[in-house]
């Protein structure tokens, strides 16, 4: 007995060693495949090799089975092992054909490969050498039998007609079945007479044999009449087809006339594109067969005499495919094992299990296989080994491998020591775990101190071995030892139990009330064991509060024993349940506070327009949430396409109370689309507005608003032009809006009227030869729409169009002022601003036209004066250029005739060179400037003098001093900063300016400067201010 336990311990040790030393159970990396061997090659190469290879440590050794029996590859045998490969020499088809399997074994167990078959392909010769002739009538159908010889392996068939290479070509009349090899001729014709030879080819060996010829002759007793189709080639009633394979169905009929062949699915499903109907529809081919291709197929043969049909069912099948595999597992003695193994397939697979290459038989009560699941209870060391699940149906089988290790060890706490320190609050429950590693499971007991611990109403030892203590007291503190033992030995592990004071929340649950915008502190005060550190966590409506986010509303303000938080600037969304959770190493408790937030009401809902007139609308709505403060009033707002946003409106009643849910809006504009919204108010404030109502248009009514700014005048001869500002759409009160224009000569009695049917019209022109120039008319403009006419506006006076001036100004003179300016003078015409009989036409001013001598008058520029002005200055001209000038009078009717042309030549341009070498110095409140004389170019006017412009800063107006020398003395305070420019001038105007010179504020000693050098400023030094550093353009 002692020897057996030592053996068990040794095996367990080896199993544990395998885990850490790289040892491995066998796993196939290459498995044998089926072989078809051509018999006719036996003399050339009379051997085959089945491959088999597995990984494992120690390396596996190999064995082979043939038809379930172990092969003995001893010397002198024609079987040879090379690694795991099986070589078979001197093949014998009677002895060596069968099913082969490879077994790979090492110290962990044995696995067996999938089955692989060895078959021999051959094709013998035809035994008969002569066949009787076949005699048929013309028009009759015939079948010529092939009768292939004995064979193994796939065959293909063809027929020779008379002599090779003349072969029978298949068409709608002739068909060769690749199932039987027979030749079918639907309707014999005289050209068919001759000898027919069946040719059979083995697809494996490529051997080809020819049968004896069959003579086909015509009978002399007449021609066969027409008859309905007779199907001679048809497929079975049930055809099982493997998933992913290609299936071919044959169908051919004899008949006169030659029948046509058609295919269909009985369930009406159309053929997919992959389906191929070849050989005049005699073969239906379905590649890559899938579940959806299964069904009943029908072949129909039809000719003029009738039709015939056959049906067959294609059933889908699939070999097994594993979807759940067993995995390697390690178990202790006496434990139970459950391995699941599941596979798909059609038909549904069956399952068997193998251990070390042998079928595993069920043992009642201990080993069971149910629906592929293997269960072994009360494991022993003898159960160790390699297991294989085999899922199989009639179309194939599939294997999976898994290793079972069974271990036996003495108790060991090295991986799972009892916790050194376990804490519990006084009055709480505690579990001290004891989880030693041992196999088989043994006995577990506990000690407190040195005394054995016995179970009481508070203390119990669980089945797992852990110790549970309920309602702990201070006396339960101490050292606890767990002792584990089995037949292999004993071990123990100890840890201390510490009993702590419970944590208590001293704050009472409460409901707090706060107003939007205020801040509030939510308290959470506790007492706790002084050796423990409490941790506070807050939840809002069961969601953790992440301090630092949430917009900065939440802030912790508690101390060491306080978890108080503050909510700042509280909002309506902060209303809800707040939970303070307090946790220590021994316990956790919580307290909830309900927070009510009062705020302005929520938006009302369901705003509807109930009734509407031309100026009123009756509204209804439903209240929104009052947010814990009763609604005291409602405010109604409206907007139109013409308003600037939402506007408050007048209502009846004027003040809409909080309990009222209807109101009438008044003072609306007729025929305008309005939207309405409602806002609720309470003691805290006014809330968000409701969603807008649907647009509603007020009813039409007579227009009431007349056009503004009625005036007119101008236009062409005999015209009265009347203008006004159109009435805005929102004041037109209805569709079909237009204007009624009434007018009459001043002091006349009757009114003339005209309708202008355009809402956006802004003028009306009355033209009549009887209208005198610049005659006064009384004018008023009214309005109308589809409801009728509205009022007229006030009467105003408008003058008819006047005539152009007829007289010309004279004594036109032009004088050049500079290179760019010319002064033009003329003698004015008598000045009239209103019409008087036998006087010249009214004049509003004069129009000057001027153009260069080299240009045409049509390109002239225009300058107009206003009023009785008899001179003007034309600016912006070119220097040294001759210009032509004319003057004419104008009024609202246009311009009068021009004066005679006057010419003038502008002066030479002013000097283009600016003053250079500008020097300055300061002394006794004076600024003295010197510069270099400017010389005019040949085409420029002579320099007559210089203008010195100076100002205190960049934003002040400059002062000007003129001089005809190249120096100037300015009496200016030197405690200010100055900006100075110098310009030459001549009769052509002002020339180019020097750059701006900035003279800084200087106090104390005299200073000097120039615009060409730079030096350091000191008490008695010279200041040089360069243009780049201290001047600007």
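Any Cβ shown, glycine's included, is placed from N, Cα and C.
Worth saying up front: this structure is predicted, and the values here are computed from it rather than measured.
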Subject >> Segment assigned the feature region 'Disordered' in TrEMBL (from 829-850, 851-872, 873-894, 895-916) >> reply: 895-916
Original post:
Pick from 586-618, 619-651, 652-684, 685-717: which range does TrEMBL record as region 'Disordered'?
Top reply: 685-717
Original post:
Against which stretches of its own chain does the region 'Disordered' (685-717) lie, if we need a Cβ under 8 Å and a gap of at least six residues from its ends?
Top reply: 516, 599-605, 607-609, 612-617, 619, 621, 624, 627, 635, 637, 639, 646, 668-679, 723-727, 731-735, 737, 739, 763, 765, 767, 773, 779-794, 796, 798-801, 803, 892-893
Original post:
Is the count of Cβ pairs under 8 Å between the domain 'Ig-like' (320-405) and the domain 'Fibronectin type-III' (910-1006), pairs 6 or more apart in sequence, 3 or more?
Top reply: no
**OP:** Over the domain 'Fibronectin type-III' (808-909), work out the mean pLDDT and round it to an integer.
**Re:** 87
